[in-house]
């Protein structure tokens with residue numbers, strides 16, 4: 001499948017190798033094969049890159065002054081002294097290093113089955129990532145879903161493809177006339193924040 | 001041949017003499033309409049009340065500026081006119097004005113130095129002020145306000161409008177008699193007439209103007225044209241007298257609610273009317289508001305609305321069409337669903353006391369579509385008033401709709417439900433698209 005747009009895209013935050021990792025990982029989390037658009041068709045990597053370059057990546061509005069207990073029970077919430085952008089950067093480097101050692105190639109070069117294996121290991125915390133980077137997979141999966149379903153104004157969900165796929169009618173303020181029609185599909189395509197009509 | 005040359009020469013000389021006369025002849029200042037006894041003192045607080053009812057601050061306070069220190073631009077058909085600093089500062093304000101100078105500004109549109117003021121200053125309405133109110137106002141401006149030193153940029157209009165002596169011709173042709181002579185059935189109605197015709201200068205927006213001089217076609221209810229609908233900037237200021245105008249259809253309570261609180265069950269004020277309510281009308285004593293409402297009801301005219309299209313005899317099935325959410329809907333309907341339906345709903349009726357009704361709304365069906373277009377492009381807000389403290393905002397959509405889309409949407413709104421107004425063109429929209437934010441944040 002050709003992804004000319006992603007090929008031509010100049011990442012705001014990620015380096016060339018990091019960008020290759022993100023594209024490959026997103027493509028496994030929401031694959032292009034099968035029903036509906038994949039993460040690449042929906043331009044999810046652009047969403048993640050934009051987020052990393054922006055307030056979310058910089059944790060601008062998070063409490064980041066410590067005390068930090070990165071090893072604390074995850075139920076106590078985010079405890080890392082690192083920002084999401086730093087977590088992505090450091091984790092991608094470590095995962096690629098690990099893949100090269102264990103499987104002979106960087107993550108992006110591996111075949112889909114091996115990539116799935118690596119992602120599963122990451123999710124199951126089988127990979128030796130230090131506590132500060134513990135949330136990497138959680139962030140990656142969460143941001144991929146967000147990029148898939150968020151309004152296209154944030155860079156992903158290109159042409160509202162994900163919304164059209166699930167029949168979500170978009171950022172149209174009210175559906176009063178449909179409130180009692182349980183289960184009837186809404187006939188009209190979605191609308192985005194910037195007013196695009198699908 | 002020689003005779004003809006002589007006649008033409010003579011005519012030219014005559015014209016020059018008349019022009020010189022016009023330019024140089026001393027101005028006529030109207031004298032006090034009532035001789036008040038020596039030592040007359042206006043009642044305490046009267047001056048401030050008159051200033052509020054007359055909304056002097058509307059033009060004489062710049063956005064974010066000190067009260068009455070001037071500098072606000074009044075947009076007029078002939079150009080941008082700066083309102084003066086009218087604080088009692090001697091250098092930059094009106095600190096040197098005598099009572100007679102002040103009255104001449106209000107009655108005759110004359111500045112202290114004898115120069116004619118542009119009728120952007122609504123002296124044709126203020127000319128009806130009683131001497132008691134002139135005195136009260138003078139006392140307020142001279143003694144109760146602190147002087148503010150603030151120079152106002154000089155108004156520079158293009159030729160011929162920069163020839164201020166020409167306004168003299170305008171004044172001769174246009175000005176009504178000075179002072180207010182009661183003419184209605186009761187003291188209450190006369191109070192209403194005085195407030196509407198003189199102080200609140202409702203006519204300066206709501207009365208049509210003649211095409212030649214832009215003067216209002218009438219200054220009191222005995223003129224059939226008075227308050228039958230005018231234009232202010234690109235906005236319609238609706239007809240208030242026709243039997244099917246909103247002002248006449250609404251009950252007294254609903255009309256009073258709109259004027260005093262900025263909204264009623266089906267409508268909210270917008271554009272310049274919102275400013276009039278925010279700065280002036282909401283502060284009027286209850287008795288004055290009742291007088292205004294009684295007066296407006298008393299001057300009803302038994303005719304269809306003048307400045308807007310008549311409603312359809314059978315309403316269009318718009319609500320059902322919108323509710324179908326069919327992909328077959330035209331662009332205008334689709335845009336309505338995408339942008340407006342959330343607040344104004346498929347019925348167009350909005351929500352009681354919150355979102356105005358668009359069905360039969362005079363701003364929507366007006367001959368002048370500029371108010372509707374501006375609302376769509378820039379949004380607007382019902383101001384916070386003491387009775388209704390919550391400011392209700394309609395967002396602007398100029399950043400997400402292009403001119404073709406705004407035209408299609410405005411046309412849809414103008415032709416839906418019982419509305420039957422002519423289409424809006426892309427060019428109409430382009431004219432009004434100013435420096436609008438292109439993003440919502």
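Please read every residue number as a count from 1 along the shown chain.
Cβ from N, Cα, C; glycine included.
Database features, via TrEMBL:
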- B:56, B:59, B:60: heme c 1 binding site (BINDING)
- B:202, B:205, B:206: heme c 2 binding site (BINDING)
- B:340, B:343, B:344: heme c 3 binding site (BINDING)
- B:42-145: domain 'Cytochrome c' (DOMAIN)
- B:187-300: domain 'Cytochrome c' (DOMAIN)
- B:327-417: domain 'Cytochrome c' (DOMAIN)
- B:7-27: transmembrane segment (TRANSMEM)
Tell me, how many other CB atoms lie within 10 A of the CB of residue B:340 (heme c 3 binding site), whichever protein chain they belong to?
23
State the Cα to Cα distance, in Å, between residue B:59 (heme c 1 binding site) and residue B:205 (heme c 2 binding site), rounded to an integer.
14
Fewest-neighbour residue among binding-site residues, criterion Cβ within 10 Å, set B:56, B:59, B:202, B:343:
B:343
Residue B:205 (heme c 2 binding site) CB neighbourhood, other CB atoms within 10 A:
22
Of B:59, B:202, B:206, B:343, B:344, listed here as binding-site residues, which sit with their C-beta under 8 angstroms from a C-beta of chain A?
B:343
Cβ atoms near residue B:344 (heme c 3 binding site) (within 10 Å, other residues, all chains):
22
Note the Cβ centroid of B:340, B:343, B:344, the recorded heme c 3 site, then list each other residue of that chain whose Cβ lies within 8 Å of it, in sequence.
B:336, B:339, B:341, B:342, B:345, B:350, B:355, B:358
Nearest-integer angstrom distance between the alpha carbons (Cα) of residue B:60 (heme c 1 binding site) and residue B:206 (heme c 2 binding site):
21
Cβ within 8 angstroms of the Cβ centroid of B:56, B:59, B:60: which residues besides those meet this for the heme c 1 site?
B:55, B:57, B:58, B:61, B:68, B:70, B:72, B:83, B:86
